[in-house]
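Quick notes on the structure that follows.
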Amino acid sequence: MSNYFNTLNLREQLDQLGRCRFMDREEFATEADYLKGKKVVIVGCGAQGLNQGLNMRDSGLDVAYALRQAAIDEQRQSYKNAKENGFEVASYETLIPQADLVINLTPDKQHTNVVETVMPLMKEGAALGYSHGFNVVEEGMQIRKDLTVVMVAPKCPGTEVREEYKRGFGVPTLIAVHPENDPKGEGWDIAKAWAAGTGGHRAGCLESSFVAEVKSDLMGEQTILCGMLQAGSIVSYEKMIADGIEPGYAGKLLQYGWETITEALKFGGVTHMMDRLSNPAKVKAFELSEELKELMRPLYNKHMDDIISGEFSRTMMADWANDDVNLFGWREETGQTAFENYPESDVEISEQEYFDNGILLVAMVRAGVELAFEAMTASGIIDESAYYESLHELPLIANTVARKRLYEMNVVISDTAEYGNYLFANVATPLLREKFMPSVETDVIGRGLGESSNQVDNATLIAVNDAIRNHPVEYVGEELRSYMSDMKRIAVGG
């Protein structure tokens with residue numbers, strides 16, 4: 001197999017990268033009806049597999065789980081997840097031939113083996129679904145021409161897919177049809193019905209492509225979503241401890257600070273996040289973020305270049321073939337960092353204190369979001385895709401850090417995301433440690449400015465506000481958040 005993206009000519013590559021359209025609610029008028037009366041078989045019962053299946057069943061679809069015979073015989077966790085929730089569970093050989101839609105929700109590194117195993121068992125004219133297109137785009141999986149290949153990619157962890165559905169809503173979702181595999185022209189009908197079955201249509205769906213989803217997803221998770229949180233946590237903790245801040249306070253400020261600060265992003269973008277700071281703190285955060293952008297832009301661009309060229313995938317798949325030696329080694333190193341092992345503390349930190357004493361974190365978030373967005377859009381990825389894979393997902397990932405530090409983040413994200421996170425953080429951490437942090441003081445991380453006045457120069461503040469508010473990520477973010485708010489009011493009757 002060869003990298004599918006690299007087999008396309010430049011015009012085709014740009015066309016696929018640029019696929020992104022916010023779909024009207026009316027396009028989902030029939031909701032999941034297209035799949036009713038048909039058999040949906042999910043392969044894999046982890047977080048995405050279980051929670052998508054629960055939602056689809058509650059939407060009136062016939063859902064079953066196909067597992068390897070060994071997983072059934074040994075009653076592994078995937079078997080327990082499905083069985084304890086009342087689903088039909090059986091072997092590939094039993095269920096796959098019955099399926100009208102087979103959804104592969106196993107980890108990326110298992111996709112080739114899974115698809116090569118289930119494809120001979122699939123009936124003529126069935127459909128194969130993915131929630132991440134790595135296998136198709138990066139590994140170049142060749143799929144039988146009679147099979148329709150679709151993607152429904154919720155933009156959040158699987159647990160959130162379920163919780164939002166139970167609230168009567170859903171999570172924003174990318175949907176796509178593989179242009180090489182739509183023999184009956186029903187791909188979009190299948191994808192829309194599947195997305196509606198998960199509740200994604202209530203939050204808003206983007207008509208995308210396998211290529212756009214993969215390239216933007218890889219870039220976001222490697223840089224701002226995971227890599228920047230990891231590198232920022234490590235160097236910020238080191239700085240605070242070196243300057244005499246109590247370890248329990250320093251760790252707590254970081255562990256819960258990312259979540260608190262990025263929650264402001266969710267409601268009002270970078271503008272609102274920066275507005276949570278006092279005027280002097282806002283100016284300081286802006287100045288720091290500009291320094292960070294200049295320092296880190298080459299690293300962000302290198303990751304984007306390696307993702308576009310396929311170099312990242314080649315490197316990671318070589319590690320797969322070597323029993324994940326690098327992945328496991330980097331995971332162990334992360335577990336040994338000082339931040340991961342800070343002592344628990346019952347010190348209370350108010351919401352505003354996370355902003356006041358975490359000015360550097362705000363600066364890192366602004367710099368990281370804008371750098372990731374700029375690198376993606378400069379490579380042909382449409383603004384909407386770049387927004388979802390940078391700013392939108394950041395509060396969700398920050399929430400995992402709040403639960404159990406970096407360990408939880410790396411457990412919840414995919415192995416692909418974890419590997420990319422380490423590649424980025426392994427370079428970003430020493431870069432920040434050596435080139436940026438020596439000039440940083442605890443007035444921006446740990447203690448606050450302690451200003452007695454909110455006064456700043458008017459011209460300076462106006463220039464800072466203009467720069468923040470006029471970034472393209474703010475324009476597209478405001479538009480997409482308004483769509484989601486409108487849909488939420490419709491969905492929950494608000």
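Yeah, the Cβs are placed from backbone N, Cα and C, and that goes for glycine too.
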The Mg(2+) 2 site in Swiss-Prot includes Glu389, Glu393. Which of Asp182, Asp189, Asp217 is also listed there?
Asp217
Do you know offhand how many angstrom separate Lys109 (NADP(+) binding site) and Ser414 (substrate binding site) by C-alpha?
10
Do any of Ala47, Ser78, Glu389 (binding-site residues) have a CA within 10 A of Glu221 (Mg(2+) 1 binding site), and if so which?
Glu389
Using C-alpha atoms, which one of the recorded positions His132, Glu389, Glu393, Ser414 comes nearest to Ser78 (NADP(+) binding site)?
Ser414
Under DSSP, is Cys45 (NADP(+) binding site) part of a helix or a strand, or is it coil?
coil
Can you tell which of the recorded positions His132, Asp217, Glu389 lies nearest to Cys45 (NADP(+) binding site) in space, using Cα positions?
His132
